[in-house]
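Q: Quick one: structure below, then a few questions.
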Amino acid sequence: MDLATGAARTLERGPDRGRTDLTGKPRSLWSDAGHDLIRNPVFVLSALVILFLVFIAVWPQSIAPGNPLACDLNKAQQGSQAGHPFGYDAQGCDVYTRTVHGARASITVGVCATAGAALLGSVLGGLAGFFGGWWDGLLSRIADVFFGIPLILGGLVFLSVVTSGAIWPVVGFIVLLGWPQISRIARGSVVTAKEHDYVQAARALGAGGTRILLRHILPNAIAPVIVVATIALGTYIALEATLSFLGVGLKPPTVSWGIDISSASTHIRNAPHTLLWPAGALSLTVLAFIMLGDAVRDALDPKLR
Amino acid sequence: MGRYVIRRLLQMVPVFLGSTFLIFFMVYALGDPVAALFGDRAPDPATAARIRKDLYLDEPLWKQYLHYMGQIFQGDFGTAFNGDRVTELMRISFPITLRLTLVAVAIEIVVGIALGVFSGLRRGRAVDTSVLLLTLVVVSIPTFVSGYVLQFLLGVRWEWVSPSVSPEAPVNELLLPGVVLALTSLAYTTRLTRTSIAENTRADYLRTAVAKGLPRHRVITRHLLRNSLIPVVTFIGTDIGALMGGAIVTERIFNIHGVGYQLYQGILRQNSPTVVGFVTILVIVFLLANLLVDLLYAVLDPRIRYA
Amino acid sequence: MTITEERTAGRTAPLLEVADLRVEFRTRDGVAKAVNGVGYTVDAGETLAVLGESGSGKSVTAQAVMGILDSPPGYVTGGRILFQGRDLLTMSAEQRRRVRGAKMAMIFQDALSSLNPVLSVGAQLGEMFQVHRGMSRKQARTKAVELMERVRIPAAKERVGDYPHQFSGGMRQRIMIAMALALEPELIIADEPTTALDVTVQAQVMDLLAELRREYDMGLILITHDLGVVADVADKIAVMYAGRIVETAPVHELYKRPAHPYTRGLLDSIPRVDLKGQELYAIRGLPPNLTAIPSGCAFHPRCPRARDVCRTDDPPLHPVTEDDGTRIPGRASACHFWRDELHAR
């Protein structure tokens, strides 16, 4: 279990309930949540950070026009200087340029892996929850199997045999081990939604399966999945960096914070700055996504405050 | 209760088989253990064939797997390609990682629960908000970053602790690595405790306890904590398995020769018997921890016991 | 303006006297004034029924009396709560704790959620004796069994180690009652004690409560929205609306001749066998928003009798008199037109 599942467990119980407060006005969940979010500085701040990160992931040249692979050993481990605010690393590469360009790998892996895991997990989990029966049992057992493998261990084993060092095997691996978490959440919230009176009522009125699924269950089941996926995005970015750090994730010439931190770690005594910049960027990115997910969760489930 | 244990054990079997087969599949089917053995040299076809036969690598994958599992249940984890018995590697490394994990879990319990209770009882106030933000920040810093930073600051810059761990890995040298390993779980424990406390503070039965005229300390310890810590205890229980598997990063940073170190070496050298053997044991530890947690849950919560 | 003011001097002080109590909840959406100057008295051996819709402040008043208001967000901002002559609001927290459970006890609506799920009922009952009487665990357990027998739980000795979820709803509510009775308090506050139960069980539990109240000669405050429950048990009734008492009366007086349009509305909305087939009356509109209580009489937007004065002037709690001006003991109404209401029909 982790942060995201914990969040989802509480969410499953009833993100769909409109709140009635002391003023007696019932409000809709989403409009209420939106209202809360815009007033929440944590949400606004993390959303801005994420927008900025996405921007530099797409157009890194706009703020760091240099070439991240152009290194000059003569400048190795030099400190901050004009035009090169973060100094140089052990290979004489510009740390600022590499840190900015490193965002692309992290964001790509994070977004693609989350999209994949969320899609696969919510479709499988949603169907299992909706139809139940043997399909549900089988899926739960399969999810258990993937849960039985610790993330980093599995990553080491899997990626050490798929040695390309490119982005797609890493994404593929994260989707492979990440979907069961989402599928459990999706399954749980579909099961909860299915039991609600209005769904039973729609069924009694003769609404078809597809219609019930699309009109009544999906809108309610989607909230916890979104929250969990947002938080998972942050942890996937951290996972990619960890795997790259261990030498099995992304590999040069791909520019990645994990790789840079790994190579800087051997020089931490002489040149701590070469570690701090990519490490800071990585932590800030993960933090932004986790905070965003947390803020959304709080807004959707205010009784947790 | 007995039937519950048996049912849980039976449920574990397919998960165990599935997880270990998955690992087995990755190492033996996706990789090529024999080619790895020869490193960069081109393998001599005759030798390669002989090794394949010795290791049953010429059989279909499921037969190899059954053969391997059969040996494991006889206590034979095979021999690493360099001639070391895998069980010998385990005998050296598991106690070290176990020690590291226990240090981490102890820190997690003491600090995590204390912080969680402290902030849960002050829900919505400034301390609570700060603790919550702090836990998010801690969760966001990957272990390998916090590990290097703490090692650099405490070990190198300020020289409070030794920056690396000697081969025997005594407990006092494992304190800093323990903190590093515990850090993320610590944050989760804090959050979980805090949420659980905050939820239970509003529970009807707690209002009853107050209405009964119980002193505050009794309301908190006997009613609030007793109920709130159930999910926390189970989280920490499951976490023991996860920490042992996740110790690989911490062990690498502090050069601790534990399970993670052996596993990492095994993976770098594509030493398949070592990798599969260690991962199998870790999966077993993980599953057993989960089983124990389920049983503990039933002991702590009568609603499950009598369900 | 409280009922107590009309009490004649010279009589002994009541068991509980609440005067001009004010409670507010400070929430993010504003300050909700949940209780606005409530006053009532309960004598030893007397049963007061407090009646009102949800949000009328009847439960909040009770929680303030017990001292178990969730704070924050709830705060008592004014008034007095005299219990056996001593003001609870000026006591230290420790003094108040000693009163709770021992001298006044509370029965909650939902016994399943109000009992601790992970402690045996024996432990929860026995705890009262351990904490307030300093008994050993073993003595306390014996007492717990006695209590369970007293509320007629079958096989009490065998079941004392069972957990709340193992009992039926009615049995659980009996355990709640037993817990309240444990130290033979002077006052019991029962907050909707039968609402969560099946109709068939409701009567049994209510009868048991009434019987035990007689036996111990306790004061009882019965909080309910169910007029049917009240008629059999209560001596007098206080009707609450928007955090105020709008009418008080001896129980049969109130049923016969309500002196407030809100009370009339409540009475008319009870289904009656003799009026079968007619459309059931419903009070129009919704209970007021407590962060913005209407000016004047809080009930005026829903009141069939409302006139201009109701929108501007807040009616005080008038003593209710007969046509000839004689006071009707125990009666008061907070309606400008109580006279019209009393003599309507």
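Using N, Cα and C of the backbone, Cβ positions are placed for all residues, glycine too.
Automatic, uncurated: that is what TrEMBL annotation is.
Copying in the features that TrEMBL gives for the protein in this structure:
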- B:94-297: domain 'ABC transmembrane type-1' (DOMAIN)
- B:12-31: transmembrane segment (TRANSMEM)
- B:96-119: transmembrane segment (TRANSMEM)
- B:131-154: transmembrane segment (TRANSMEM)
- B:174-192: transmembrane segment (TRANSMEM)
- B:228-254: transmembrane segment (TRANSMEM)
- B:274-300: transmembrane segment (TRANSMEM)
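Burial and contacts for the listed features, if you can.
A: Residues 115, 118-119, 160-161, 163, 176-177, 179-181, 183-184, 186-188, 190-191, 194, 246, 249-250, 252-254 of the same chain, all 6+ positions outside the transmembrane segment (B:131-154), place their C-beta atoms under 8 angstroms from a C-beta of that stretch.
Sequence-distant contacts of the transmembrane segment (B:174-192) (same chain, at least 6 residues past either end, Cβ-Cβ under 8 Å): 99-101, 103-109, 111-113, 115-116, 119, 131-132, 134-136, 138-139, 141, 143, 146-147, 150-151, 154-155, 161, 165, 231-232, 235-236, 239, 242-243, 246-247, 250-251, 253-254, 256.
If one looks beyond the transmembrane segment (B:274-300) by at least 6 residues along the same chain, the residues whose Cβ comes under 8 Å of a Cβ in the stretch are 1, 4-5, 8-9, 12, 15-16, 19-20, 23-24, 27-28, 68, 72, 77-78, 80, 86, 89-90, 94, 230, 233-234, 237-238, 240-242, 244-245, 259, 262-263, 265-267.
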Q: Given a Cβ distance threshold of under 8 angstroms, which distant residues of the chain, six or more beyond its ends, lie next to the transmembrane segment (B:12-31)?
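A: Those are 57, 61, 64-65, 68-69, 270, 272, 275-276, 279-280, 283-284, 287, 290-291, in sequence order.
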